Amino acid sequence: MNINWYPGHMTKTRRALEDKLKLIDLVIEILDARVPLSSQNPDFDDLFAGKKRMLVLNKMDMADERITKRWLEYFRRQGEYAVAYSAVRGNPRQLQREIENCARPIYEKYAAKGRKKTVRALVCGIPNVGKSAILNRLSGTKKMQVGNKPGVTRGLAWAKLTPYLELLDSPGLLWPKIENEETGAAIALIGSIRLEVLNEEELAYYLLRKMCAADPELLMERYKLAEIREDPWEVMADICKKRGFLLRGGEIDTERGAHMLLEEFRNAKIGRLSLELPPDAETAGNEEL
């Protein structure tokens, strides 16, 4: 699955972020808890080099709780300040305390120099990971545009969280070349890329392969399947038959089945599901997704 989607507004976003860098004390990168590794923008390491960073694994309510815990442990071993959160169900005060705790060394550094300065934090991430939704929960308003599709936020906007902490919202930013097919499929699944540029049936095949490995019982329960067959296309055929997705002559409507499956995954109707394991778990050979 080759993916090439880097709209012009993303080039403008990157330039705008580069212009704001001197104002930024802290970078808060929002990840999708279902695919924490794939939803990390690899360009951010260079773009924000030297800046203190915090990782927020959002949509934790959609991910497998046990695997999310392992991801937090993994990131913390890498020296990252990492927390899990749900912009839908989470306590905003708890997340605010985590941000303040992460920013405390910056406060103290300014205070030691006799400067009463507001700490400014940039909230960033790839499209559709929930940046604006988190800011709206933190600020208690609905000033930031929120949507379950990429490209809703188009400009940079400041939000004052406390007298000493300001947050800068930013549009979702991808990287120009998504060369790894697994990464491309993962971020396509979570809605970071517009559906118009994708082959939905290929994407559904990838999702089924991941789900059969991660939690086949979820599939069986949701779609009333008696068994999970080895070939994901056969699983798709079984799902389509259960849902009555048939064309004239009894041919299976895999296009309709693929669209339904992707929509149900994105809206967490299938259940809590993580599609990636931490690299240390994968290399240890204990599990595979």
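The chain as shown is numbered from 1 upward.
Glycine residues also receive a Cβ, built from the backbone N, Cα and C atoms like all the rest.
According to TrEMBL, the features are:
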BINDING   Asn58, Lys59, Met60, Asp61, Gly172  GTP binding site
DOMAIN    122-184  domain 'G'
Cα-Cα distance, maximum over Asn58, Lys59, Met60, Asp61, Gly172, record's GTP binders, Å: 21
Local Cβ density at Gly172 (GTP binding site) - other Cβ atoms counted within 10 Å: 24
Number of other Cβ atoms within 10 Å of the Cβ of Lys59 (GTP binding site) across all protein chains: 28
Cβ packing number for Asp61 (GTP binding site), 10 Å threshold: 17
Neighbour-count leader, CB within 10 A, binding-site residues: Asn58, Met60: Asn58
Overall pLDDT for the domain 'G' (122-184), taken as the rounded mean: 79
Three-state secondary structure, which DSSP defines for Lys59 (GTP binding site): coil
